[in-house]
Every structure is written in C-alpha cells, then in structure tokens.
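This report refers to the structure that appears directly beneath it.
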Amino acid sequence: MITRLTAYSAQIASLVFIVIVWAIASAVVNMSALPSPFAVFGTLADLVASGRAFEPLGNTLGRTILGFVLAILLGTTYGIAAALSRTFAELTRWLLQIAIFTPTLILIFLFLISLGRSNGTIILLIGLVVMPVVGTYIRDAMGDFDDDLSGMARSYHVGLWQRVTGMYLPFLIPPLLAAGRIGFTLSWKVAFLSEIFGFPNGIGWQVKTSYDIYNIQTLLAWLMLFIIVLLVVEQLMRLAERTFVKW
C-alpha cells in the first residue's frame, strides 16, 4: 500500500513539475506561441462544459476501440498459431518484421489512397498496425507454455477449441493485458494521425483545424484531452492487470 502511494505521489509530483516548467516557459516566450497551462486548462474546461469535446472524443475513441479489438483478435490468433506451428512462425516472421518496421505514416497514406476515407479504413489500419505488436507478445509468451500439459491434453483427446479456450487463453491473460496497454496507446495514436489527414469529427481533425488557423491555445487543449484519455485508459488497464493477475 505504501509503495503504491509512493508511486502515485511521484506521478503527481512529475505532473506538477511539468506544469511549473510549462508556466515558466510560457512567461519567457511569446504567449501566442506558447499559452500558459492555466489558459489551456480554461479552454479545455470550456470545450468539456459546452459539450463540444464529446462528439470528436467519441468518434476517435470509437474508432480506436474497434481497431484495437480487431488487433487483439488478429494478434492473439497469430501468436497462438505461430507457437503451435514452427513452420507457420518461420513463414510469417519476415512479414511480421516488415509490418513492425514500416513507418505508420506510410501505411496511413497507403490505406487512404487505396481504400478511401472511411471509418472502416481507420479500423482496419489500426488492426493491421497494432496486430504485429500483440502477436509478438503472445507468440513469445506461448514459448513459456508447458508442453507436457499440452501433450497430456492431446493424449486425452481434448479438442483444439477446448485446448485454446481452456488452457491457452487463461495462460495468456497476463501477456494480453501487457500487450493491451501498449496496443491501445498505439491504436489511439494511429487513429489520431489518420484523422489529421482527412477524417472530420475527430480529435485529430480538431487539432489540424486549430493549427490551420494558428489557434495554439485550442490546439493544446485538444492535445491535453487526447493525453488525459490515454492516461485514464492506461490506469484502468493497470488496475485490471493487478485485479486479474494477482498471482
């Protein structure tokens, strides 16, 4: 309990330090170039109080969640398949590496040009960008699975579906939660970047619009909302990790 309180205190102290540095920097440079944190907080509060923040936030969050779920499904399927079949793992290893190393912006441009601007495009893009990260976590975790347990299940003629749902998935809960924290962060960023390049009614589009009219204060307010949501989700996932993986 004391360790957890210490960690929370350190996090709060770091946030306070960032705000102080921000306020000092704002006082030194031109206010139009770097508004004070208090002015940005005020703009953010106005966006929330007036309800203008909810539609863009809901759109971005919805796209992110659907793409993230797709990535988890694809990544988990790949990870289990790669662990069960060495041939499949070797055949797909280079494809996975190429997908990981390819710049996200290149994939965004490619998808927008080939598939057009739609929610389905963003969801598919998020799924394919995040899937290699999740798949790698699951594949590596499956390497620690007890082969004797799997052999025993086969000797008792336990079906593949029963083995997957009864043995593999419960074993994979810890790496899934760890991959989920990283995967959601990446999904959120991909959705944000995609919206900047032409998807209205999202946080990314609002940031682009603010930049186009050089409204730095509103731009930073939207970015702050983006970061706050990400931090909240991160804490919720950490709470889930502590709750479901106490052992």
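Using N, Cα and C of the backbone, Cβ positions are placed for all residues, glycine too.
TrEMBL: automatically predicted annotations, no manual curation.
The transmembrane segment annotation in TrEMBL covers 12-31 (among others).
According to TrEMBL, the domain 'ABC transmembrane type-1' annotation covers 57-237.
Under the heading transmembrane segment, TrEMBL lists 66-88 (among others).
Residues annotated as transmembrane segment in TrEMBL: 94-113 (among others).
The annotation transmembrane segment is assigned in TrEMBL to 120-138 (among others).
Taken from TrEMBL, the feature transmembrane segment covers 158-178 (among others).
Look at TrEMBL and you will find 213-233 (among others) tagged as transmembrane segment. Outside the transmembrane segment (213-233) by six or more residues, the chain places 32-35, 39-41, 43-44, 47-48, 53, 56-57, 61, 184-185, 188, 192, 203, 206-207 with a CB less than 8 A from a CB of the stretch.
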Contacting positions for the transmembrane segment (120-138) when only residues 6+ beyond its ends and CB under 8 Å are counted: 63-64, 66-68, 70-72, 74-76, 78-80, 82-83, 96, 99-100, 104, 107-108, 111-112, 172, 175-176, 178-180, 182-183, 186-187, 190-191, 194-195, 199
Other parts of the chain folded back onto the transmembrane segment (66-88), taken as Cβ under 8 Å at six or more residues beyond its ends: 96, 119, 122-139, 141-143, 145, 164, 168, 172, 176, 179-180, 183-184, 187, 190-191
